[in-house]
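K.L.:
Structure incoming, see below.
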Amino acid sequence: MQPPVQQPAPQPQESLIHPLLMRNGNSHPLQRPTTPLPSLDLLTPPPSEIEPVDTFALEQMARLVEARLADFRIKADVVNYSPGPVITRFELNLAPGVKAARISNLSRDLARSLSTVAVRVVEVIPGKPYVGLEAAE
């Protein structure tokens, strides 16, 4: 007589329902909410046109940055600026021999002299040989 062949224990099948949609390990998925969603008309539509950039004010600010750096005996020219919604980045071309760390050390004094909340110095702008100076608007 042959001993009975043992059948392997059935392994639980993985459910096609994502585990986060399960409730307490049950195989029953969570029900969709029955309450209606609010209408999209409640949202304020975005402005139809982008606010124009005041290039004259940006040029004045660029000249002011150059003047304030000159007050600290740092020769630098603003070669480009990128206005944003909160900050403006000025790209500075430093004179030969001027280290970017020198501007970083003066960031608080620069913020005070430019009458801004804070100034952030970006010592390396990828792909450009300039130093970035980010000032709040």
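A Cβ is built for glycine as well, from the same backbone N, Cα and C atoms used for every other residue.
Residues or ranges marked as region 'Disordered' by TrEMBL: 1-48. Residues or ranges marked as compositional bias 'Pro residues' in TrEMBL: 1-11. Taken from TrEMBL, the feature compositional bias 'Low complexity' covers 33-43. Taken from TrEMBL, the feature domain 'FtsK alpha' applies to 37-134.
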K.L.:
Would you mind splitting the compositional bias 'Low complexity' (33-43) into helix, strand and coil residue counts from DSSP?
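P.N.:
So the compositional bias 'Low complexity' (33-43) is made up of 3 helix, 0 strand, 8 coil.
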K.L.:
On the 0 to 100 pLDDT scale, where does the domain 'FtsK alpha' (37-134) sit on average?
P.N.:
92
